[in-house]
Amino acid sequence: MVTLEKIELKNFKSFKKLSLDIPKGFTAIVGPNGSGKSNIVDAILFVLGKTSAKKLRANRFSGLITYHNGKRADFAEVCLYFTNENNAFNVNADKVGILRRIKSSGETDYYLVWKENDKEKRKKMTKHEIIDLFRRLGLLGDNVISQGDLLKIINISPIERRKIIDEISGIAEFDEKKKKAEEELKKARELIEMIDIRISEVENNLKKLKKEKEDAEKYIKLNEELKAAKYALILKKVSYLNVLLENIQNDIKNLEELKNEFLSKVREIDVEIENLKLRLNNIINELNEKGNEEVLELHKSIKELEVEIENDKKVLDSSINELKKVEVEIENKKKEIKETQKKIIENRDSIIEKEQQIKEIEEKIKNLNYEKERLKEAIAESESIIKHLKESEMEIADEIAKNQNELYRLKKELNDLDNLINRKNFEIEKNNEMIKKLKEELETVEDVDTKPLYLELENLNVEIEFSKRGIKELEEKKKELQAKLDELHAEYVKENARIKALKEMEELSMDRAIREILNANLPGIIDIVGNLGKTKIEYKTAIEVAAGNRLNHIVVKRMDDAVRAIKYLKERKLGRATFLPLDRIEGREAYYIDEDGVIGRAIDLVEFDEKYRRVFEYVFGNTVVVENIDIAKELAKKYRKVRFVTLDGDVIEPSGAMIGGTFKSKAKIKVDVDLSKLNKIADEIIAIESELRKIKEEIERLSKIVKRSSAKKMEIENTLEIIKKNEMRKREIAEKNTIKIKELELKNKDILEELEELNLKREEILNRINEIESKINELIERREKIINELKEYESDENLKRMNEIEGELKILEKEKAKLKNEIDKGLTLVKEILIPKIEELNKKVSELINKKVILEKNISFYKESIEKNLSILEEKRKRYEELAKNLKELTEKKEQLEKEIETLERERREILRKVRDIENRINELMVEKAKYESKLEEEERKLYLCEKVDVSKELEKKDIEELEIYIGELENEIKSLEPVNMRAIEDYNYVAERYKELIEKRKEYERDEKKYLQLMEELENKKKEVFMEVFNKVAKNFEEVYKEIGGIGKLSLENEKNPFEGGILIDASPRGKKLLSLDAMSGGEKSLTALAFLFAIQRLNPSPFYVLDEVDAALDVKNVSLIADMIKNASKDSQFIVISHREQMVSKADVVYGVYMENGLSKVVGIRL
């Protein structure tokens, strides 16, 4: 442990220069009031780091610099020198000083001072470094104890007293650790709170997505079921239509067989009727021979009518059926006419072009024939041979032309076929490109990753929730602070009014003469006494009574100044005033009285500049201030030369006169107005207003966050909704594209089948072309041989030219023939085929129309004829019956035959009717078959387009009607679910996974929370353990210390179970008295107990040195001796520097320093006892 060896002061307060050795043991410093002895204590505190000038009894730090002879020094410095035991200061020196220097600007600096090789070295230190150094040395200013500190210990609450033990026990370390744990706990709880918000948001999303996911799953399931049902329905329909077509085919086959049976039977009946008719004719011949002509004629006419009626009926039925066919044929022929007319227009355009070419060729032929006629005369021989060869050549040429025409036709057909094949291939390519494009569209339909959006939405909700909570908390805090601000404003107004009132009272206390002198600016005038000093509010009444009117006396520098002022008053008749010249005024020093109830000498209760000390000694003289009149009365008996004034203004004069009663203050002395409260209130107001501004700014910031995040949240939610709709649209596009692809693939399949047929046909045409080309080549060879023979006969020039002309003519004729042939073909096609075809078609249409008209007329005619003939038949039969009676037997035979014939004919007609019915039924079945074949083709197309799916047994059991009803129900149910968010399944799975992550994270945070709670509990237990250990030691020390001074002392906890929820109580029994609490003790007993408490703490953790400043002021003689012995004993372990006026204390010191004032500066003289 280091030792304080020396204190050095330069220009510090009342000391110009001082070097004070501090030996080990007990050092006392004595001196009269105002001598400056307490300035030594201030010097020590100054170095130990006091940051407030007021605590060093100065208005500002620059006020610590010595002021002498009207001039302030440039700086002040104080240095404390310590032994450097165990290299405590980390420098190579036996003695190290800690120096603090202050400049006139108020700025202070720290230095570490030591000697190295007899040279002084200084190292500048920061305040922080110095404080750390003092902390290591155990010197933090709490080893300096003043009478005020004793009062503080006496007056502090038990809680604050416990806090002293808290500090010395070092449990702040646990508090710091606990605070850190609390911060971590707070963080963990904030994280739990934050994650709860996230979980809540994710739960909400999960609930919303769950419904959408279930809908999507249901939608998928229903769509799959719908696909299966549709697939099953198509399969059922295909199967049903195949069975139906098979049944229809079987029905047609059976009907054809039945029709053939009926027709065979008709032929048999016809044979039988023919036989019966032969027999009937024989009978008729016999009747003719035997009967009259009329009967026979009637019979004949009847039979003819019957036959005619029957034939008319057949014709009528046939005409009706024919009419239907004619109507259909008319429509077909009209379509064919339109197509043929289109071909005629195309051929006519071609013919016109070729006719123009023929005209040009004919002009060339005409010119060549003219030349040929001239050459003919010269040519006589070889004509017959040439003619024969030419005829042969012409026949071959015609054959070649014929084959070439056929070849041209085939090549044209081949070209048309190739064009058709190319168109088909182009169509396939176009379809393939479309399929590729559609597939690319399907590939480009990418899913949008919504995970970041949901995560951002979650973060935004957390931000919004926390911001809202923050706003709510801030609003509450703002409300509380506003209420507190209102209270502080009211308190400020009240305190300010009080201070203002005090100042106004001070101004009103002056009479006119004093005010005039003070305002006259006369030389040497200083001020009135009351303005040169100030006291505390609690001493105001006592001081004003003690000083009386002397407080209004005017202080001047010299007597001449007083004379000048008096003349000034006389000349102006301003009244009277009392003047106190500093060069002549003398006062009396008051006695020191150490008794219970004594507050102090009146002069000591007033603060003033030392240069005015004689003025205040004159004003107060031997006046002592005591607590009350009873104490004054007792002390007046003992101290007869002392004037006693009580705190409430009662007076006992040395003469025995007593003055008392109600006193009305006139504010003659300045009160040491405590502006700290007002300043504190103002500081609090400023702090709260600043905090309110920050809160408002924070609320605005959080509100902006809420607004911005809410807008962003809405934007994300809208984005998710758009994504949802886009997903549906993409799915619809994908479904449409898939169907379209299959349709195009099916179309390509049909085209490929068609191309296969066209390619086969092309092969056939190519084969035929090859055959014709081979034949043409053969004919050309034969023709070339004939031409070579002709060349032999055409060797002369005329013949050669004739041959050339013939050749040219042949070529031209050939071209002309070819063109004519083409024209003829075109004309033939138009005239003989197309126009006749149109004419034929028109004729056919006309015929069909005429036929239709005729048929309609025939139908009308035959209906009328049948009705007319039936009427005539009826009449003839009546006549015949009358005539037939005579030829009964023959007639009966005849009638029998006729009946048989009629029966057979009726049977024949019935059979033929059945045949017609069968044919009609066959036609109906054929139509029905075509319809069902078309339906089957459509269903098979659908089956191809459909994706193959597994069909459940339940669907297989349903028939077509049940499936159609079921499909309708499924479609309605699917429609009711739309629109469906198909991403909901993926989003739900992501959010569910996120939910699990958050739950796990929450458990982790809960574990952290539990860990920090456990740590806090452990720290609290350890803190209590350490505190109790220190408290028990201090309590034991307190008992021992109190025992040493002849009494019984006890420290106890208000709350033994939880000491930090209560304070420390002090109970003591001073010598010869019962056990009392601190509140029940007298002032001296309280001081003694406070000192005992301080010594108990000192014994626990001794500091290198202690400074005690007039801590014995309130003690009686006996207790001062006890405390002095205690200090003497404690000084064996630590240095003690004691400021005291008490003889009992000073007499026990090892070294005594006396402080005195000389020419306004403090001096020190030392005595070793």
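Quick reminder: no glycine exception, Cβ is built from N, Cα and C everywhere.
Since the structure is predicted, the reported quantities are computational estimates derived from the model, not experimental observations.
For PRO32, ASN33, GLY34, SER35, GLY36, LYS37, SER38, ASN39, the entry in Swiss-Prot reads ATP binding site. Sequence annotations record features per position, and here Swiss-Prot assigns coiled coil to 166-507, 676-1030. Among the features that Swiss-Prot reports, domain 'SMC hinge' is placed at 523-636.
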Tertiary neighbours of ASN39 (ATP binding site) (same chain, Cβ under 8 Å, six or more apart): PHE12, LYS13, SER14, PHE15, SER1162
What are the other residues, in sequence order, whose C-beta lies within 8 angstroms of the center of the C-beta atoms of PRO32, ASN33, GLY34, SER35, GLY36, LYS37, SER38, ASN39 at the ATP site? SER14, GLY31, VAL1155, MET1157, SER1162
Measuring CB to CB from LYS37 (ATP binding site), give everything in the same chain under 8 Å that is also at least six residues away in sequence. ILE29, VAL30, GLY31, ILE1139, VAL1155, SER1162
Binding-site residues compared (ASN33, SER35, SER38) - the one with the fewest other Cβ atoms within 10 Å: ASN33
Quick one: give me the count of other CB atoms within 10 A of the CB of PRO32 (ATP binding site). 14
Look at the binding-site residues GLY34, GLY36 and tell me which residue has the greatest number of other C-beta atoms within 10 angstroms of its C-beta. GLY36
Over the span of the coiled coil (166-507), how high is the average pLDDT in this prediction? 77
Could you check what DSSP calls PRO32 (ATP binding site) once collapsed to helix, strand or coil? coil
